[in-house]
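All remarks here apply to the structure that follows.
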Amino acid sequence: MQFQVMNSPFSQEQVELLNRLVPTLTQEQQIWLSGYLTAINTSNTTLHTIPDVTTVISTDSSVAISREVTVLFGSQTGNSQGLAKTLSQKLEGLGFQVTLSSMSDFKSNTLKKVQNLLIVASTHGEGTPPDNAIPFYEFLHSKRAPKLEDLQFSVLALGDSSYEFYCQTGKDFDKRLEELGGQRISPRVDCDLDYDDSAAEWIDNVLANLRGTIESTSTSGALTATGIEKVAEQSAYSRTFPFKAEVLENINLNGRGSDRETRHLELSLEGSNFQYEPGDCVGIYPENSLGLVESLIEKMGWSSEELVSVNKKGEQRPLREALLNNYEITVLTKPLVEQAAKLSSNNELQALVAPGNEVELKNYLEGRDLLDLVQDFSPWEVSARDFVSLLRKMPARLYSIASSSKARPDEVHLTIRTVQYEAHGRDRYGVCSTQCAERLELGEQLSMYVHHNPNFKLPTKSDTPIIMIGPGTGVAPFRAFLEEREESGAEGKAWLFYGDQHLLTDFLYQLDFQRWVKDGVLTRMDVAFSRDTAKKVYVQHRMLEKRNELYQWLEEGAFVYICGDEKHMAHDVHNTLITILEQEGGKSREDAVAYLTEMQQQKRYQRDVY
Amino acid sequence: MTHNKTVVVQDGPPSDVEDIKTRSRYLRGELVEALEDGITGSMSEDENRLMKFHGSYMQDDRDLRNERHKQKLEPAYQFMVRIRAPGGVLTSAQWLEMDRLAREYTTGSIRITTRQAIQFHGILKWNLKKSIRTINDALLTTLAACGDVNRNLMCNPNPYQSEVHAEVFEWSTRISDHLSPKTNAYHEIWLDGEKIVDSTADEAEQEPIYGKVYLPRKFKIGVTVPPTNDVDVFSQDLGLIAIYEDGKLKGFNVAVGGGMGMTYGDTQTYPQLARVIGFCTPEQVIDVAEKTVMIQRDFGNRSVRKYARFKYTIDRYGIEWFINELQNRLGWNLEEARPYEFSHNGDRYGWIKGSNGKWHLTLYIPSGRIEDQKGYPLMTGLREIAKINTGDFRLSPNQNLVIGNVTTPKKRKIEELIKQYGLTDGKRYSALRRNALSCVAFPTCGMAMAEAERYLPTLLDKIETILAEVGLSEEAINIRMTGCPNGCARPALGEIAFMGKAPGKYNMYLGAGFSGERLNKIYRENIGEEEILKLLEPMFHQYAQERQTGEHFGDFVIRAGYVKAVQSGLDFHN
């Protein structure tokens, strides 16, 4: 008989081999082989492949292992979404039927029917799920969550190891799905800021395992070209291969007398082929401070010129250059300190990482950098090479784009507040912001890429009213929104709530906003300058003052956008929206919350908070 | 008293400012809305025009304009707020409140103006209401400190001829009160007063003297007690010269039609001296002031603002016409002017005992600027004095400060404070510097073409060197500098004067009378510091060698032929 993929449990490759092998076998050889195969089957009880295969064959089209895969993402800035999309394209390429969806769009009552579930979820702030993951997260953790004994799943968790609750949302999903009866396709992978390699590993594992389980039903290994075509349209540059953008403008937006500094950067995108939309971000790979790098090298007694590897491919650079450009040295993470402790004989350090001292360790990490670590726990007898291998790759800094590419082709504008403070007896400087404020000259180049944020986008209909709440640098994307609306002649009403400390010196892009108010691009603008009045006022106070009209706008279908500080502002604004819905809409608190949740699901309530 | 009807003489269509005033509903306009507009620290031009009537107007730090524009920030808008205090007299308690206001809401200084008013700079829009309320709570006002109305009434502040001064000051206050705008807008906008919308009230009830369009331009009144002419009585629209015999006030000589401002390149504009037209008794003086203001209201040019000052109205119709019109409106005739004599227009520094036995200390305040400087805590020192002084604080027309009506025991304590804070009566400065006057100019004044207040001290250093070389350090010479030709520091009455033309460039004037009785005349146009010094040096040498006994520099330059004497503004450009 001639083996075929369709009439056998074998893959194309196996079919070909078998077709070549079987006709050449003598009868004696055939009997021997048959006996051998039977023997290993009975002696190895864990090997279930053969019975499974027989099932597959016997049940024909009603396959036990589904070819349908659901990929859900919970994403704040778009990283998880981007990875979920990549994963989906690969799955489709392998012939899977993929349902790709944000968690907020996913109908949770269909979860019971899902057989293969892949989750990509980031963690936000202190262990909280991203906005668009919250409803699904709450559903899954509620009593309404169904038993999921037929479910196969795997979780990719994104996070930042400098936070205490590193990758917490992913961990929660992973644990909960197991509790509900699900089986892991492959183990969860936690990714730090430099997530590329670990995410790729997870994807490979998941694909291999999924493919392995259902290899038998595969029609062929042929890749569909859909994913590849999309990639071809995009820029050749990316997060892993950043573009060198020339600095066209770099000015301080804060007037004299202000105690803040906010840089307005204009970068040239000429030649990058980057496309961006309002709401997207730019990632910048900054350069560490030379002073900090030199102190570190001196303290450790290393040589600046010693070659160290800067990536897994083994590319090498002089230590000084690697510390300047390739590694993060301004943040301490728990894994880093634990690894470093293994290279040290310092008793205090050993004590710090010892079990039971988690709180002390956490307190120690707060506001300290690598120089603190090496100073506080000397002596070190560690080679640069070994030490550097513990460090995280320099993460890119994400900034909301403050310009519209429609209005300014080949340019992108950013709004970067300088971070400087004192901690543990030393002045600390934000790596990227300080580079921009103090060292970045016109004509120099910055390594950057465009980071798409599909969760912060203007309404598709240009006449939809929008309410924007963006104090401080949170106003950046709204400058992009308004430039875009001005350029496209959109007719929708727009309302901006903005605030900072002093009107005289801290009103970012004041002339732009004044012009838009005058021209009607911005229908209303309400401002709160907290230090200009005896009692501090913030954007949420202005919203409450205007609650009647604000509620009218919501009822007219306005989209609400919040950008800026998460810890205080976004929280206060969210509560204020609930209050307004209660007071003006006559709703109970529950109904008001539900109203906002529904807005979120309809993408009428979008946040870009940090 | 107000049974007049408005006779508006027009040379053309009314200017845009006339239109703004007409539409303003007695100075209300859209000021409330402008104060509430949160996205700008500014106000529109229309509202800014009206703000002047309320004693304030918008300025911006001109040094920062370009820089801020690049930063996508609007100009550093701020408001000047001026207090109208007739004769520049404040109680110690009022001084303390103004000191507090200055420290809380302004750039931190109190400025004494050349019209004896207090001026604050750098008040931001959202602090305006609080500032003006503080001023009102201290029983002072900003209403009519600027705008097309009667401005702060000047009156010689040093009451060493105590009884006469007291009486003159009393009449001055009454004139000032009488000519105050009567609109309720001020209370509504700044003091949250009840909105009185009385549609039945006609113009005569709302604003009996000014009417709904107010005056064509500002109007200035100054009252002086000879022999001092520190108010520069001939620079006023209406000047009143107190006439007294044996320490008793008899009445006032009336002088009309003076004024300082001019426009470069337009010889139809010029500084002018007021002319004495007669005498009235104290009881008649309010009526005279009111009718004079009303004549200007009816006959002043409302089409072209630069021709709208009272001096042009008088020069156009003739002084005889005015006397006639005034007497018709009064229903009686002025008496013949009485004799008087002025000896100077500067200040007397140091302690002077008044005829009432109280002491008056004149402190020298450079450019009228009261602030704490490194090594010179003037503002703090004055605050400490105000805390113990039972007398008052008096602002001089030369931007100095008189601590007035001090009792002998307090005098000792104040002397201690003066010593403690190192305050000066000016004796350590040269006579030239003590007699110098300048306007604010850069960076806040929108009219300035060149520096004045910030630059004059530097120029004086250099002129003093020359004067010292020729032994004239103790010779009082009036020197004045302004950043533009509008005349805030009364430059046309400086024996030496500089009016700004462009950064670093000035027109130089010479030959005014030492006691303010004669205008100066242009000597050189558009010159810089180097040339100024080159011109002055031989002049001073010659003056030191050839001056006659008691001859002032302004008289000398005329006798020596540097410039011709100018007795009337009509000859200023000839």
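Quick reminder: no glycine exception, Cβ is built from N, Cα and C everywhere.
Per TrEMBL, the candidate among A:Thr330, A:Thr333, A:Thr576, A:Thr579 that belongs to the FAD site alongside A:Arg397, A:Leu398, A:Tyr399, A:Ser400, A:Tyr421, A:Gly430, A:Val431, A:Cys432, A:Ser433, A:Tyr610 is A:Thr330. When the candidates A:Asp506, A:Asp565, A:Asp572 are compared with the NADP(+) site entry in TrEMBL, which names A:Ser530, A:Arg531, A:Lys536, A:Val537, A:Tyr538, A:Val539, A:Gln540, the shared residue is A:Asp572. Nearest to A:Thr330 (FAD binding site) in space, judged by Cα atoms and limited to the binding-site residues A:Leu158, A:Asp160, A:Tyr166, A:Ser530, is A:Asp160.
Cβ environment of A:Tyr538 (NADP(+) binding site): A:Pro471, A:Gly499, A:Ala528, A:Ser530, A:Met569, A:Asp572 lie under 8 Å away, each six or more residues apart in the same chain.
Closeness to chain B is evaluated for the binding-site residues A:Asp160, A:Ser400, A:Lys536, A:Gln540, A:Asp572, A:Tyr610 by Cβ distance, with values under 8 Å counted; no residue is counted. Cα separation, A:Val537 (NADP(+) binding site) to A:Leu158 (FMN binding site), rounded: 36 Å. Model confidence over the domain 'Flavodoxin-like' (A:69-207) is summarised by a mean pLDDT of 89.
The binding-site residues under consideration are A:Ser122, A:Ser400, A:Ser530, A:Gln540. Their Cβ neighbour counts within 10 Å are lowest for A:Ser530. When Cβ atoms from all protein chains are considered, those within 10 Å of A:Asp572 (NADP(+) binding site) total 16, not counting its own. Using a 10 Å Cβ-Cβ cutoff, A:Lys536 (NADP(+) binding site) registers 13 neighbours. Taking the C-alpha atom of A:Lys536 (NADP(+) binding site) as reference, the shortest distance to any of the binding-site residues A:His124, A:Ser400, A:Gly430, A:Cys432, A:Tyr610 belongs to A:Tyr610.
When the record's FAD-binding residues A:Thr330, A:Arg397, A:Leu398, A:Tyr399, A:Ser400, A:Tyr421, A:Gly430, A:Val431, A:Cys432, A:Ser433, A:Tyr610 are compared pairwise by CA position, the greatest distance found is 23 Å.
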